[in-house]
Amino acid sequence: MLDPNLLRNELDAVAVKLARRGFKLDLDLLRSQEERRKVLQVETETLQAERNSRSKSIGAAKARGEDIEPLRREVNELGDKLDTAKAALDQLQAEIRDYALAIPNLPDDEVPDGKDDSDNLEVSRWGEPRQYDFAVRDHVDLGEMAGGLDFAAAVKLTGSRFVVMKGQIARMHRALSQFMLDLHTEQHGYQETYVPYLVNHATLFGTGQLPKFGEDLFHTKPLEEESDSSNYALIPTAEVPLTNLVRDEILEEESLPLKMTAHTPCFRAEAGSYGRDTRGLIRMHQFDKVEMVQIVRPEDSMTTLEELTGHAEKVLQLLNLPYRKMLLCTGDMGAGSCKTYDLEVWLPAQDTYREISSCSNMWDYQARRMQARCRSKTEKKPRLVHTLNGSGLAVGRTLVAVLENYQQADGRIQVPEVLRPYMGGLEYIG
């Protein structure tokens with residue numbers, strides 16, 4: 001969420017920045033709420049001071065032998081008025097907070113304006129798409145030819161947008177995740193972390209999935225039910241538990257950056273995506289991903305975004321998969337991001353680039369919700385950290401890219417050299 005001081009003191013400037021994202025800030029509502037808050041705050045403080053003063057008078061009057069009943073009645077009346085004023089202030093502050101939670105992050109000045117992905121800016125390309133002298137097959141046909149992708153079995157077990165992987169395809173899927181983890185931990189300085197796949201509502205609130213995006217999650221209980229200790233949701237990404245590890249913590253600045261990576265399944269309801277990418281592994285309810293998260297000092301976050309994106313790029317480069325780097329426009333960024341790069345890998349069967357990684361600087365948007373702070377040795381007051389996250393990479397989509405880019409005329413798949421140590425030295429599968 002945004003800094004409340006910005007909404008109080010720089011409202012017009014905030015409105016201009018949010019308008020770039022297509023978000024219309026209700027200035028009249030916010031100004032009226034703030035004026036009402038000030039009035040109630042003064043009223044509450046005045047009543048509190050007056051009641052305290054009258055309460056002290058009771059003891060003095062009693063010592064003088066005076067009748068204290070009128071004072072008691074007055075104190076009780078002031079207490080009732082104070083309770084009413086406090087309740088009104090609490091209600092108003094809850095309304096202010098609810099509205100603030102729906103406000104997206106402010107876009108960085110470098111982010112291009114735009115409405116959707118057609119307005120994203122291509123920053124760079126790496127690698128050249130291969131040329132084939134045979135009819136290119138897509139990953140579904142290749143996987144089924146190898147006996148490794150079974151969508152019919154998944155439909156029987158669960159439903160659509162799931163898959164059963166078998167044999168060498170399943171092995172390659174596992175090899176990819178192990179390769180990614182080894183790269184990030186051994187060369188990029190991340191600490192491998194194992195996290196729960198079920199998280200509570202406080203955790204989902206911390207990274208911004210709740211309250212706005214609850215319909216995109218799989219819940220153990222209906223979201224409408226009152227939250228308790230048994231209300232969980234399956235994680236949509238390891239970003240959620242990894243980032244929340246610093247919730248309500250004050251970190252020593254000398255310990256930053258904190259770099260974490262995790263390989264987890266991810267679960268998404270894909271609300272609103274009906275009819276999109278219905279064939280294959282591109283859009284699934286359950287998919288694996290290796291996630292990278294960094295917790296950094298505020299002044300380091302923009303440099304860190306470039307570094308983190310580079311770590312995701314390195315995976316694609318070592319796999320020799322052509323890709324392009326896109327700077328997302330204001331209309332295509334996630335609500336909590338101030339700047340996002342997408343990496344899009346070349347898929348021969350689709351003759352286009354498709355997203356395989358998204359790397360974002362969340363600024364202090366998540367940290368404020370989580371109250372995640374850091375403190376230096378020279379400053380007594382802690383300050384909010386900045387949080388960043390990125391896919392390093394989506395394992396299923398990487399498998400898609402390997403199957404399609406490394407296919408042979410006879411339907412076999414050449415195993416990328418960097419994966420061969422993870423696959424017993426195999427050079428081809430299928």
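Backbone N, Cα and C define each Cβ position, glycine as well.
As recorded in Swiss-Prot, the features of this protein are as follows:
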{"type": "BINDING", "residues": "T237, A238, E239, E291, S391", "note": "L-serine binding site"}
{"type": "BINDING", "residues": "R268, A269, E270, E355, I356, S357, S358", "note": "ATP binding site"}
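Location within the structure of each feature annotated in Swiss-Prot.
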residue	record	Cβ neighbours (10 Å)
T237	L-serine binding site	23
A238	L-serine binding site	27
R268	ATP binding site	19
A269	ATP binding site	17
E270	ATP binding site	13
E291	L-serine binding site	29
E355	ATP binding site	15
S357	ATP binding site	28
S358	ATP binding site	23
S391	L-serine binding site	27
Packing count at I356 (ATP binding site) (other Cβ atoms within 10 Å of its Cβ): 25
Do any of R268, E355, I356, S357, S358 (binding-site residues) have a CA within 10 A of T237 (L-serine binding site), and if so which? R268
According to DSSP, does E239 (L-serine binding site) sit in a helix, a strand, or coil? helix
For A269 (ATP binding site), identify the closest of the binding-site residues A238, E291, S391, judging by Cα separation. A238
Which whole number of Å gives the largest C-alpha distance between any two of T237, A238, E239, E291, S391, the residues noted as binding L-serine? 9
Suppose we draw a 10 Å sphere around the Cβ of E239 (L-serine binding site). How many other Cβ atoms does it contain, all chains included? 30
Comparing the Cα of I356 (ATP binding site) with the Cα atoms of the binding-site residues A238, E239, E291, S391, the shortest distance belongs to S391
